[in-house]
Structures are given as C-alpha cells and as structure tokens.
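What follows is a short report on a single structure.
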Amino acid sequence: MFSRLATRSVASSRPLARSFAAPQQSWSRGMKVLAILYRGGDAAKQEPRLLGTVENQLGIREWLESQGHEYIVSDSKEGPNSDLAKHIVDAEVVITTPFHPGYLTRDLLNTAKNLKLCVTAGVGSDHVDLKTASQKNIDVLEVTGSNVTSVAEHVVMSILLLVRNFVPAHEMIERGDWQVSEIARNAFDLEGKTVGTIGAGRIGYRVLERLMPFDTKEHLYYDFATLPAEAEKKVRARRVEDLKEMVAQSDIVTVNCPLHEGTRGLVNAELLKHFKKGAYLVNTARGAICDREAVAQALKSGQLSGYAGDVWNVQPAPKDHPWRTMKNPLGAGNGMVPHYSGTTLDAQARYAAGTRTILENYLKGKAQKPEDTIVKDGKIFSKAYGGK
Ligand code: NAI
C-alpha cells in the first residue's frame with residue numbers, strides 16, 4: 001500500500017489546492033516540504049496514532065496539499081542516492097526526527113539551494129549541522145517539551161531496572177530457570193542512593209521530581225545554569241560545578257543534556273575512572289555523549305554495574321554495535337533498547353501537532369516560540385546548544 005517514497009506529484013496536489021486553499025492568503029504559495037521519518041511497517045498501518053512514521057506522515061499531508069504545497073515523505077536518508085540527498089536540493093522545508101535521524105551535514109546543507117527551515121519533529125537537533133545552518137541562514141526549530149515527560153519516565157524505569165537487576169531476572173524466567181540468588185546477588189533498593197544528572201533542564205529536572213517518592217539519599221546536578229533556589233529545594237537538588245566530583249559521589253548518573261561540541265564524548269574513559277566502582281549510568285540524551293568503547297569496557301570490567309538507554313551514536317545501530325550485547329562480569333547490567341523513549345503514542349500526538357504549528361507560523365510569517373528556536377537569523381539561539 002505504501003511505496004518506499006510516499007509522495008504525490010505536484011500535479012496531483014494542484015486540484016486539492018484549488019478546492020481548499022484561500023487564494024487571498026499570502027501563505028497559499030506552493031513550496032516543497034521534505035520529511036524524513038522512520039518506516040512503521042505493519043504496526044503503522046494498524047495503528048494510525050503512529051504519526052511519526054513514513055506511513056502516517058505526521059498527519060499533515062492533507063493540510064499541506066490543501067494549501068498547494070508538495071509533501072515528500074521517505075525513510076531513505078543515507079548516501080548520495082538517498083531521497084534526502086535528492087530532494088534537499090530544492091526543498092524549502094525539511095522535517096527530520098531524532099528517532100531516525102536524517103543527518104543534515106555540512107556537505108548536504110551546502111547542496112540545498114532553497115532551504116529556509118529545518119524542523120525537528122521531537123526534541124534534539126544535534127543531527128543538524130547547526131553551524132552550517134546558521135551560516136546559510138537556515139532556521140532550525142524543534143518541538144520543545146513535546147516528549148520530555150515520556151523520556152523522564154523512561155529514565156526512572158531504566159534506573160529501576162538496572163538497580164533491581166530486572167532484565168536477567170526476566171530472561172531467567174523465560175528460559176525456564178529459577179535461581180533467586182543469581183539475581184539477588186546484584187539487586188539493590190533505589191532508596192538511599194545518590195543520583196546525579198548531567199543536565200537539569202526539562203528532562204533532567206523531571207527525572208529528579210519523579211525520583212522524590214523513592215526516598216533517594218541526595219540529588220546532584222551538573223549544568224551550565226543554576227536552578228532557582230525554590231526549584232532546587234523542591235527536588236532536593238545540589239549543584240556540583242565539577243563533573244568529576246559529581247560522578248564520584250553518585251551511585252547512579254543520568255545524562256540529560258543535548259549533544260553539541262561541548263558534550264560529544266563527555267563521558268569517556270577518563271571520566272569513567274572517577275565514577276564510583278559499580279555505579280549505574282543511564283543515557284537517553286544522545287549516544288555520542290558517551291564514548292562507545294569506553295562504556296563497553298567499563299561495563300565489562302565492572303567499573304559500571306549497568307548501562308541503559310535508548311540512544312546510539314549511529315541510528316539505526318549496526319547489528320554488531322557493542323552496546324547491544326555488552327554485559328557486566330555477572331552477565332547482566334544491559335538495559336539498552338531502540339530509540340523510542342520520546343516516541344510514545346502520547347508524545348507523537350504532541351510532536352506532530354507542534355510540527356504543524358511551526359509550519360503554520362512559518363507560512364503565515366508569525367513569530368516562532370523562542371523555546372522552540374535552536375537557530376535563528378544566522379545565529380545559534382538556544383542556550384542549551386551554547387547560544388548566548
Ligand atoms: P533542555 O534544553 O530543557 O535541557 C538541557 C539542559 O542541558 C539545559 O539545562 C542545559 O543548560 C544543559 N546543558 C547543555 N550543555 C551542557 C553541558 N555541556 N553540561 C551540562 N549541562 C549542559 O532539554 P531537554 O528537553 O531536557 O532535552 C535534553 C536532551 O534530551 C535533548 O537535547 C535530546 O538530545 C534528548 N532527548 C532524547 C529523547 C529520546 O527519545 N531519547 C527525546 C527528547 C530529548
């Protein structure tokens with residue numbers, strides 16, 4: 001039913017434009033919008049709320065075509081013959097998603113003759129070369145806040161499943177075995193533990209809020225910005241200015257900052273040496289913030305007791321990616337899943353609606369929300385990405 005490239009020709013969209021568009025409105029001009037989304041397969045055919053898929057197209061095809069715009073949707077994103085490379089050349093708007101990132105590199109952006117706007121359907125625009133986008137005066141926006149609760153819940157779940165040694169316990173049951181001591185020898189309570197977050201923005205803060213009922217010992221955070229005193233008090237958070245000091249005091253470290261030049265490879269072999277022996281690390285921010293080999297090695301040696309998350313340095317992750325199968329010395333400690341924490345059905349409804357709002361603002365010449373704006377007027381605007 002769905003071709004690999006889900007698109008209608010410009011010609012076929014014109015009659016729709018005539019029947020629905022209001023000709024007086026300045027935003028009825030035709031433009032080319034390209035969306036790179038993940039393929040949803042049978043699941044997306046059966047579940048229309050999987051809006052972020054190639055099949056369900058963020059639910060905006062009819063609306064865009066009714067305005068006379070051309071809308072091209074594909075999952076083909078790698079290499080010179082990909083639909084991304086082919087269509088970026090004359091697209092005015094490119095929509096991408098962190099879940100199946102269309103990497104908008106310098107080389108690719110330099111081929112874009114007409115590009116004015118990149119929209120991230122979700123949160124996290126590190127797959128866009130923000131420096132090149134600003135140099136080329138291409139605005140970059142994302143749907144800030146759209147999935148932050150979804151991710152915060154996943155972080156809390158991941159902390160619990162590592163600390164309580166859940167995954168091997170379930171695998172044991174599936175195998176037909178029953179050996180309580182094998183699991184209990186490395187299972188603990190979350191109560192009384194110290195949790196440190198790298199980044200205390202929308203997600204990091206929500207994680208701390210959600211940890212409050214567990215009676216954790218202390219919450220630490222490392223961030224450019226200090227939280228207001230009231231906000232700190234509410235989640236019993238204490239800022240630690242030196243990252244090494246923070247990880248040295250934490251039983252569990254969770255990564256909740258964006259990926260940019262200042263955070264790429266931040267959790268590397270050197271920093272891992274400063275972690276408490278046997279600490280847990282949860283990263284749902286971006287794979288490349290943690291060094292791939294250093295993390296695998298730290299888990300193997302027992303320096304880390306567990307690593308969990310849903311983000312990978314390349315997505316989709318290659319079959320032989322060490323994070324798929326890495327284990328601690330007791331054969332456990334891996335809570336890795338595909339990138340889905342921020343793409344629950346609830347989140348998809350929010351980021352699809354937010355993408356449409358950004359497009360509407362663009363088409364009507366209305367100001368965008370400052371919190372959604374990553375690059376604007378040739379400058380990196382977002383403080384979280386190092387903007388001033
Ligand atoms: P946010 O902008 O509200 O918070 C980010 C925080 O990180 C800010 O407080 C900022 O000051 C801090 N920060 C930036 N650079 C830092 C550095 N070098 N050291 C310490 N702190 C630093 O962003 P939000 O909404 O909390 O999202 C954070 C990240 O989570 C996103 O950029 C994205 O990469 C990731 N994410 C992952 C999702 C998933 O599905 N796994 C979904 C949504 C976001």
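Just so you know, glycine gets a Cβ as well, placed from its N, Cα and C.
Remember, TrEMBL labels are computer predictions, not curated facts.
Remember, predicted model here, so these are calculated numbers, not experimental data.
In TrEMBL this protein carries:
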DOMAIN    62-367  domain 'D-isomer specific 2-hydroxyacid dehydrogenase catalytic'
BINDING   Val123, Asn147  substrate binding site
DOMAIN    157-328  domain 'D-isomer specific 2-hydroxyacid dehydrogenase NAD-binding'
BINDING   Arg202, Ile203, Asp223, Pro258, Leu259, His260, Glu261, Gly262, Thr284, Asp310, His339, Tyr340, Ser341, Gly342  NAD(+) binding site
SITE      Arg286  site 'Important for catalytic activity'
SITE      His339  site 'Important for catalytic activity'
Where the record says Arg202, Ile203, Asp223, Pro258, Leu259, His260, Glu261, Gly262, Thr284, Asp310, His339, Tyr340, Ser341, Gly342 bind NAD(+), what is the longest distance in Å from one Cα to another among those residues?
25
What is the interatomic distance between the Cα atoms of Asn147 (substrate binding site) and Thr284 (NAD(+) binding site), given in whole Å?
12
Among the binding-site residues Asn147, Thr284, whose Cβ has the fewest other Cβ atoms within 10 Å?
Thr284
Since the record lists Arg202, Arg286, His339 as recorded positions, which of them has the fewest other Cβ atoms within 10 Å of its Cβ?
Arg202
In whole Å, how far does the CA atom of Ser341 (NAD(+) binding site) lie from that of Val123 (substrate binding site)?
11
Using a Cβ-Cβ cut-off under 8 angstroms and a sequence gap of six or more, which residues of the chain neighbour Leu259 (NAD(+) binding site)?
Gly124, Asp126, Ala285, Arg286, Ala288, Ile289
What three-state secondary structure does DSSP assign to Arg202 (NAD(+) binding site)?
helix
With Cβ-Cβ distance below 8 Å and at least 6 positions apart along the chain, what are the contacts of Val123 (substrate binding site)? List them in sequence order.
Pro98, Glu142, Val143, Thr144, Gly145, Ser146, Asn147, Val148, Gly342, Tyr351
Report the same-chain neighbours of Glu261 (NAD(+) binding site): residues 6+ apart in sequence with Cβ closer than 8 Å to its Cβ, ordered by sequence.
Gly386
Within 10 Å of the Cβ of Ser341 (NAD(+) binding site), how many other Cβ atoms are there?
23
